[in-house]
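Only one structure is covered here, and it is reproduced in the block below.
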There are 2 protein chains.
Amino acid sequence: MSVTAAQGFLAGGVSAGLKESGDLDLALVVNRGPSRAAAGVFTSNRVQAAPVRWSRRVLADGRISAVVLNSGGANACTGPGGAEDTRLTAERTARAVGVGPDEVAVCSTGLIGVRLPMGRLTAGIDAVADRLSADGGEAAAVAIKTTDSVHKTAVAAGDGWTVGGMAKGAGMLAPGLATMLVVLTTDAEASAEVLDAALREAVRTTFDRVDSDGCMSTNDTVLLLASGSSGVAPEPAVLTAAVHAVCQDLARQLVADAEGASKEIEVTVLGAASEADAVEVGRSVARNNLLKCALHGEDPNWGRVLSAIGTTAAVFDPDRLDVAINGVWVCRDGAEGESRDKVDLTGRHIQVTVDLRSGGSSATVWTNDLTAEYVHENSAYSS
Amino acid sequence: MSVTAAQGFLAGGVSAGLKESGDLDLALVVNRGPSRAAAGVFTSNRVQAAPVRWSRRVLADGRISAVVLNSGGANACTGPGGAEDTRLTAERTARAVGVGPDEVAVCSTGLIGVRLPMGRLTAGIDAVADRLSADGGEAAAVAIKTTDSVHKTAVAAGDGWTVGGMAKGAGMLAPGLATMLVVLTTDAEASAEVLDAALREAVRTTFDRVDSDGCMSTNDTVLLLASGSSGVAPEPAVLTAAVHAVCQDLARQLVADAEGASKEIEVTVLGAASEADAVEVGRSVARNNLLKCALHGEDPNWGRVLSAIGTTAAVFDPDRLDVAINGVWVCRDGAEGESRDKVDLTGRHIQVTVDLRSGGSSATVWTNDLTAEYVHENSAYSS
């Protein structure tokens, strides 16, 4: 159901010829109102793609009427010409759907450093605007795929209102978001301020805690659009919970479909002196290439977990660290605990638990294993 | 020639049965004086192996008479029992060579979290002490190998004096050192203070700028021992230059032999506002898995360089970044520059140059590509 699960939204996806494969590569999401309130979160990478720079400005007044998204080219590191391409994309979309260009957010994903074929793109915009429908959410979700093997959608139902969303992201997944484009929609009534608070809270513990390969993108964008067409204004906390549920669902789909991944790894840090400490340790463990290789090989190599913890500035005593892998406490007091032979790593899901024994805070970071397929995809595919 | 290139040193290597393969796995280096001045640099990982904790204490008075090194087990994360094993190792070595246990540094490398077989190890210490010789440097260098495909030695000749060294290290190479054990020897006369300053300056721009896989070890140790037997006391700057030359040579051998590497990558950052900025950017580029995959596939994907630069806090303007790959400025002003088709990546050596255009400082970081073989070695070998 994707972005059209909520009332008041139309969407569509077409092949504009941006991808050589001829697959769908251009998506459009339109908010028909009555509200156009919106919120967004963007990459924290200082090298930001032209569409990110544009969409930040569009969102400054808390209003978005339409989002146009293309795969087949990131329009990042493309200089003043790339910025002009984004402006033209927004203007063409605005004309096609009858809104102002300053109400149109733009998202692009694909190869960095290459200009978009604007002739094909603008023709595609007209084509997708002609095919908008209340059932178009699936096509839009398909059109934003890059190396994704499946398209990703999620929905959470409120009491008379709905939050829906679509995401793309497969490689370059890291904090400060990932190579992800996410559009969330709701027919709830909510101000831009409420949407912004809900989105930031939801992203903080979902997309921002996905760390596939430690690499941060130039194009990450998460947008939340509210049409208000349900006529229901849920409590902010209730809305936040629904947005969080959709983000959580999509974030897990991103990790599950990460390039070349054969294991989904959940790193939970307990007993931290602060949430920041828990996140720092979780990220360090989740980013450790050696551990990710070991888990790929179904080797419960807890020494690599301790090595990773040791590189952080978190509060802990090296001689009081406990580590469990899939529930078996293989490390106790910084040394060998239960037998590693008890650990079963044959399944796809792996749970690494670190107890810092230094406080009451915790956090979970999601990642995946490092595989030969990851190397192959990223040495063969120029993205 | 290794650690016995300098006068006043004896060394040897034996098979103590620590490795199942039966390969050499125990090395001993003895300083016969007249001086026993020494300096050392250890891992900055907060989880430190028992031998690292021991050797730090031994070195507190600037004196080392012997170094005993084993492969086949890191003795890291082994609790109080592991600390006791290290103490027994030093005591047995001290007795075998006729010095005090507080003059014996201990280094271990191999699997984390497993106790050493002390019966074999102590018998091996007696055996290697019986075979010490002025030609034993090569055997010692071979005995400290883990996944190294070749042993690593280097020598620099001064005017009447010499600096020699051996190193092991293949995976888990990262700043704050690597999974490396390095022993350097010189027959120059120098105080512990002069040796310490020389070693720190040399390590800072060599071993500390090697970043193979971003993973930092629990056991890294670099020791410099001076026998003074040449009777020559070189100027500190001259001694530092020789120590630097040996460290540089060994550091490059480590990168060249990194697990599964098919490309050696030199990342040079120019135009930085400070050396710290240059190093931060260099490390971020050197650690980017996506770039390392691309270079493995001989794809001059400069967008991934910009993505990596963008994650740092260094001073730069995203629209004024220049990047060259093997001398071709494929990125100018943060956008496409010369044609990427001009870049030849077929050779083993790759030069990535980043110009931040924000100052006069520079730095170089060495790394290697990310390959399917790296994944294989580290998922199959429990280290």
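Glycine too: its Cβ is placed from the backbone N, Cα and C atoms.
Keep in mind that what you see is a predicted model, and the values were worked out from it rather than measured.
The substrate binding site feature in TrEMBL is assigned to B:Thr146, B:Lys168, B:Thr179, B:Glu259, B:Asn378, B:Ser383. Per TrEMBL, active site, nucleophile is recorded for B:Thr179.
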Filter the binding-site residues B:Thr146, B:Lys168, B:Asn378: retain a residue only if its CB is under 8 A from a CB of chain A. Output in sequence order; output 'none' if empty.
B:Asn378
Other CB atoms, at most 10 A from the CB of B:Glu259 (substrate binding site):
28
Do you know which of the binding-site residues B:Thr146, B:Asn378 has the most other C-beta atoms within 10 angstroms of its C-beta?
B:Asn378
Let's check the environment of B:Lys168 (substrate binding site): how many other CB atoms sit within 10 Å of its CB?
28
